[in-house]
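As recorded in Swiss-Prot:
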BINDING   Asn111, Lys168, Arg288, His321, Ser368  substrate binding site
ACT_SITE  Lys166  active site, proton acceptor
BINDING   Lys191, Asp193, Glu194  Mg(2+) binding site
MOD_RES   Lys191  N6-carboxylysine
ACT_SITE  His287  active site, proton acceptor
SITE      Lys329  site 'Transition state stabilizer'
Amino acid sequence: MDQSARYADLSLKEEDLIAGGKHILVAYKMKPKAGHGYLEASAHFAAESSTGTNVEVSTTDDFTKGVDALVYYIDEATEDMRIAYPMDLFDRNVTDGRMMLVSVLTLIIGNNQGMGDIEHAKIHDIYFPERAIQLFDGPSKDISDMWRILGRPIENGGYIAGTIIKPKLGLRPEPFAAAAYQFWLGGDFIKNDEPQGNQVFCPLKKVLPLVYDSMKRAQDETGQAKLFSMNITADDHYEMMARADFGLETFGPDADKLAFLVDGFVGGPGMITTARRQYPNQYLHYHRAGHGMITSPSAKRGYTAFVLAKISRLQGASGIHVGTMGYGKMEGEGDDRNIAYMIERDEAQGPVYFQKWYGMKPTTPIISGGMNALRLPGFFENLGHGNVINTAGGGSYGHIDSPAAGAISLKQAYECWKAGADPIEFAKEHKEFARAFESFPKDADAIFPGWREKLGVHK
């Protein structure tokens, strides 16, 4: 059934829809299956994503038609399809009238992903009007709170050198806490790796007090504050809160130095919102493990990493992993810096839409995945700043001297870039950075050919 007369209006202008402020706009890359017209398939897609089905129903009235999603732009050659969703379509909380991301996702990326006449459809950008921004929580804490704890300026406080305890699984409580202490002697921030929680060989109630003891000893020894991101992910929200409450009790007077890590992609929006609302005084660390199944450029369905990061800010993530923009081991490219710009700025241009955030707090880009001191100067040059959290596991624990030296080498890499210095020349005056060349020789060969002769390592 051709529903384009009802669910498509190509006379609508995008600028008018944005100015009206009553629609969430979604840009897809969509391809119909063979034998289906592009406009017809687009209209069916909009119908299935809002008020319609595959047949006319007798219960539809004029009000219902007033909240139809409308296709307002198509370009079959580029597979571009854009749909305007009226704000009134989306579910609101009974308790406070606020919007919920599960409702948004259910419509814009729900049943339409399994339609018989659609070959594939993937969201590449989404626009939220001011009213929608107001109806989501947004972050309660941001990187400025981390800088304050670390004793830095709360504007442009710079690079936060972090790590992930490695190996990711298999350490018992005492070795785990010892690994944390070794890094904190040089670094700022440690996160649980996403599988770490309450394994039988490393019970949470045994390991966490030891980690806090490591933090206190490192703080006493260095005279500097330290930060820990604790994984509270669980199937059950009450289990999440039990873990979080134990963390706050354990860290006591240092509870402000405790962030909560949530596996938001596998756990779902409810897990992020629970953490955001129940613990507004903690930095909410959004880990996105599993996202690649839909965000990968090779995937034709779902949504992109850009869209994932954007909706994480709406939900209230203080920070989210954004990959390494082609400088680490994960999928990515230099243009992924636009992901960071979208979540850290008050307004930014996306692939399709220019988004204003109307004062919503920023979400920190968290950089991880195969990074070390040698890769960082190029990364910072591409991004244009160093106001990020970087969790370098191998880049710290793989340093030839010690995890603390690995942490120091990361900080020195930032200072090298910030000073505009030549990394080889900078290494001659900074031992830990220089030893990173010997620690990661394959990277050194690829990024800095001839480094052995220049640093005298061949002698």
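Cβ atoms are placed via backbone N, Cα and C, with glycine included.
The residues near the Mg(2+) site, meaning same-chain residues not in Lys191, Asp193, Glu194 whose C-beta sits within 8 angstroms of the mean position of the site's C-beta atoms, are Ile164, Ile165, Lys168, Asn192, Pro195, Gln196, Ser229, Asn231, Leu261, His287, Thr391, in sequence order. When the recorded positions Lys191, Glu194, Lys329 are compared by Cα distance to Lys168 (substrate binding site), the shortest distance belongs to Glu194.
Counting other Cβ atoms within 10 Å of each Cβ, the lowest count among the recorded positions Lys191, Arg288, His321, Lys329 belongs to Lys329. If you take the Cα of Lys191 (Mg(2+) binding site) and the Cα of Ser368 (substrate binding site), they are about 11 angstrom apart, rounded to a whole number. Our reading of the substrate binding annotation (Asn111, Lys168, Arg288, His321, Ser368) yields a largest Cα to Cα distance of 36 angstrom. For the pair His321 (substrate binding site) and His287 (active site, proton acceptor), the Cα-Cα distance reads 6 Å. Here nothing among the recorded positions Asn111, Lys166, Lys329 falls inside 10 Å of the CA of His287 (active site, proton acceptor). Taking the recorded positions Lys166, Lys168, His287 in turn, the residue surrounded by the fewest other Cβ atoms inside 10 Å of its Cβ turns out to be Lys168. Neighbour density at the Cβ, taken as the number of other Cβ atoms within 10 Å, is lowest among the binding-site residues Asn111, Ser368 for Asn111. The Cα of Arg288 (substrate binding site) lies closest to that of Glu194, out of the recorded positions Lys166, Asp193, Glu194, Lys329.
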